[in-house]
Amino acid sequence: MLTLLGATTVVLVAGAPWMLPAAAGGTTLKSPQNVEIYIVDDTFILRWTRSNPSIRNVTFSAYYQTLGNDIWLKLPGCQSVANTTCDFSSLKLNVYDKVKLRIRAEEGNNTSPWHNIDSFTLFEKAQIGPPKVHLEAEDKAIIINISLPGARDSVMWALDSSSFTYSLDIWKNSSSGERRTETVYSRDKIYNLSPETTYCLKVKARLLPRKNGIYSPVYCIKTPVANKLPPPENIRLDAKNHIFVLRWDYPYGSVKWGHARPNVTFQAQWLYAYLKKIPGDSSGKWKQIPGCKNVHTTQCVFPQNTFRKGIYLIRVQASDGNTTSVWSKEEKFDAQLQITLLPPVITMKSTNDVSLRVYISAPEESENKPVNQNFPLIYEVVFWENTSNAERKIREKKTDFTFSKLKPLTEYCVKARALIEDDKWNKSSGFSDTVCEKTKPGNTSRTWLIAGICAAIFSIPVVIYVVKLLLRCISYVFFPSSKPPSTIDECFSEPPLWNLLLLTSEEQTERCFIIENTNTISAVEETNQTDEDHKKYSSQTSQDSGNYSNEDESGGSKFSEEFLQQESE
């Protein structure tokens, strides 16, 4: 019995070490370590290391949680994984949304504590993968076509397809030390290469400001034999007045005074520079520059309004019969930096309120089409009185100005120039011709004129009266009359006959007295009485009575009152 018990005890003790890991699996399993997220383009990888490498049959499971959601969801592709990596590329999330991850080790029903990963966005963790490159060899050049990183229907770079730039390292295959680095578009050309030479290159994509991609594999290609008809070189663009002059050099044959060989002709094309950033082939989007087709000289001229505000590419090709050269190196130019602004045209008119109205218009070409119209312009107007050096300057976008409160009948002058609205370009035209105009009299002068005329009209009678009075005084002093004074003449002369014939609306009256006796006196009034007539004739006696009253006015009045009183009695 004891022997059997001892054997059993030995077995239990001996078996304890073998049973311990399984029995204590829930407490001895540790969380995964060195957990990291590795994202390249649209491939999402979760990697970690084991904390208990000696324990068998351990698997790993990961869960995720999105911002604003408290529920932890199973991470697809990362459930019960025996390896130390899992691919969760099938997860359908917005690459700009915040997400949290956690992972643990599992052995049957035993699990380790969670290993939590701080919140992140898939875009933050993503790296730009190596692009695919396709090469074509050309005379002293290599045409390069670069595919966008990621799959064709990439979710990661869907909003950045036109924002990628590419860095290219190129070198001759025979020389590993001589390398040059260039920034290229998705479809571009590498110039200045040697013919019949093998070149190797590799490309990586960049997404500013911080993302640098992984280099592509190395690609090699050999350039062909040089073309018999070389392309034009040294393309340059100059602006003169309202035209562009496109010039280039051509080394083939005799070039003198800007002329190439008689049979060689040239053509020039242009392209919006931004089209180079859009993935795909843009070779069919080049446009012919007007006036620059089948020209025999090494220059051509075209109007400035061919190009609006923006950045453009220009290329030139040579032709000799049926033989054509490859296109020249594409030259980039900014229309605003190249443009030459012409002075504006100014007209000025005077208004009735002593103001001047200034109108600004763009100059016109020979075809009566305005230039400078393709650019946002402001105008600087300088205004001054013609007899003064004091100037007034105004900067406005509008094309008509009114200068008010000016002096009447005064000449003012104006000139103006055009400027491109964006100050960083520092472009301006010359000043226009000076235009001068005299202001009108205005309402104030008219008022004074009317007042002067009225004053003159009213002053004429006064002047006539003063002159007449003056003449009378002179006549009286220097040419006295031979007649006696009127007072004397009244005493000695009879009343004029014309006074007796003069009829008036009111006849003159005389107060006459008839004396019948000493007690009764009758007063007969022949016509209407007036105070003045009473005063004039009360002192006279009636000629019919033969007697004259010597009483004064007061006596006559008293007598009249007494007579009237007696009559009433």
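From the backbone N, Cα and C atoms, a Cβ is placed for every residue, glycine too.
TrEMBL names the disulfide partner of C200 among C220, C292 as C220.
Taking only the Cα positions, the spacing between C292 (disulfide bond) and C200 (disulfide bond) is 37 angstrom.
The distance from the Cα of C86 (disulfide bond) to the Cα of C220 (disulfide bond) comes to 35 Å. In this structure, of the recorded positions C413, C436, C473, the smallest number of CB atoms within 10 A of the CB marks C473. C300 (disulfide bond) has none of the recorded positions C78, C220, C473 nearby, counting only those with a Cα within 10 angstroms of its own Cα.
Every protein chain considered, the tally of other Cβ atoms within 10 Å of the Cβ of C200 (disulfide bond) stands at 16. For C78 (disulfide bond), the same-chain residues 6+ apart in sequence whose C-beta sits under 8 angstroms from its C-beta are L46, F60, S61, A62, C86, F88, I103.
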